[in-house]
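K.L.:
According to TrEMBL, the protein has these features:
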type	residues	note
TRANSMEM	6-25	transmembrane segment
TRANSMEM	46-63	transmembrane segment
TRANSMEM	90-108	transmembrane segment
TRANSMEM	115-137	transmembrane segment
TRANSMEM	143-169	transmembrane segment
TRANSMEM	181-203	transmembrane segment
TRANSMEM	259-279	transmembrane segment
Amino acid sequence: MIAFFFVIIYLGPLVLMIIVMCVQIKCFHEIITIGYNVYHSYDLPWFRTLSWYFLLCVNYFFYGETVTDYFFTLVQREEPLRILSKYHRFISFTLYLTGFCMFVLSLVKKHYRLQFYMFGWTHVTLLIVVTQSHLVIHNLFEGMIWFIVPISCVICNDIMAYMFGFFFGRTPLIKLSPKKTWEGFIGGFFATVVFGLLLSYVMSGYRCFVCPVEYNNDTNSFTVDCEPSDLFRLQEYVIPGVIQSIIGWKIVRMYPFQIHSIALSTFASLIGPFGGFFASGFKRAFKIKDFANTIPGHGGIMDRFDCQYLMATFVNVYIASFIRGPNPSKLIQQFLTLRPDQQLHIFNTLKSHLTDKGMLTAAAEDE
């Protein structure tokens, strides 16, 4: 699996997006199948069809939003895409409403409660799987480093917690997972933080990892070439006096992203495992060992991604809260789609604002 992970990274962002989509569909299938088995709902009219229909609707909404956001120029250039983009949310709502009406029409006597159970099951599954898969794609567009480092930290924590628990584990951590120990939990935390720092240092030096994934309209392909931001430039940091006395260093050169990697690896180690505990509780509630038998010895796809989805949500929130700022290129793209009189109004407003700030001289204004 680790070798496969390296292969898909080498193949680039487009393949990664396709893999994320395939994983999402498989995870949805595994959880929905459990619902069918638990509630013995195979004979419910239309329900298998409706479950997949709702998956299609939700994906259409989320990926339509992504296409409009990240491929704005391409969308505006093609007339059919421009129309779909303009009415995207209305179309999405209409599709969902159609499925809702189909569900109401499918209600039959003696199965009302069971049908509503499965309706709720489908929607919770969509919330957990599809929404968070969409956030993985958003993280990938910010730069492959925001995709690879968090995923690798979760994998590292899973492996190192097992190793520390196997050799040193004595104290049970949580009843939901009797084999998990405090020794493994703490050892995995420190190992993951160190791993995150080292991996971030290596990856921060490569533009293909740190540059945002953008769509090139001229070549009709994804590009990951840019001038790295300050986040990925080596900086000198003064080490606190207490730590200086221990390691003997006064100054250390590191990438600012490495500091952020500490937050990512800490979440992957301390909070991420609760995604696994949640999955364990879910399986125990329905008396099943694995979500499926897709991967021999590892259970289903969902067994491998229970922590990853929680991690993806945190990364997306972290980027929005502490990293991402206004994007000038997207503002310019939207500006160019306005009518000439609207563009002129914005231009005059901006010119007046810059003149008041002293950033635009009167002579330059006259020219």
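Glycine is treated like the rest: Cβ placed from N, Cα and C.
Curation does not apply to TrEMBL; its annotations are automatic.
As the structure is a computational prediction, the values presented were derived from the model and not from experiment.
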K.L.:
Of the stretches 6-25, 115-137, 143-169, 259-279, which racks up the most C-beta pairs under 8 Å with the transmembrane segment (46-63)?
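P.N.:
Stretch with the highest Cβ contact count: 115-137.
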K.L.:
Counting only residues 6 or more past its boundaries, what in the same chain has a CB within less than 8 Å of a CB in the transmembrane segment (181-203)?
P.N.:
145, 148-149, 152-153, 156-158, 160-166, 168-173, 209-210, 254-255, 257-258, 260-262, 264-266, 268-270, 273
K.L.:
Sequence gap of 6 or more, Cβ distance under 8 Å, 3 or more pairs: do the transmembrane segment (6-25) and the transmembrane segment (115-137) meet that?
P.N.:
yes
K.L.:
Same chain, outside the transmembrane segment (90-108) by at least 6, Cβ under 8 Å from its Cβ: which residues?
P.N.:
44-47, 50, 53-54, 56-58, 60-61, 64, 84, 115, 119
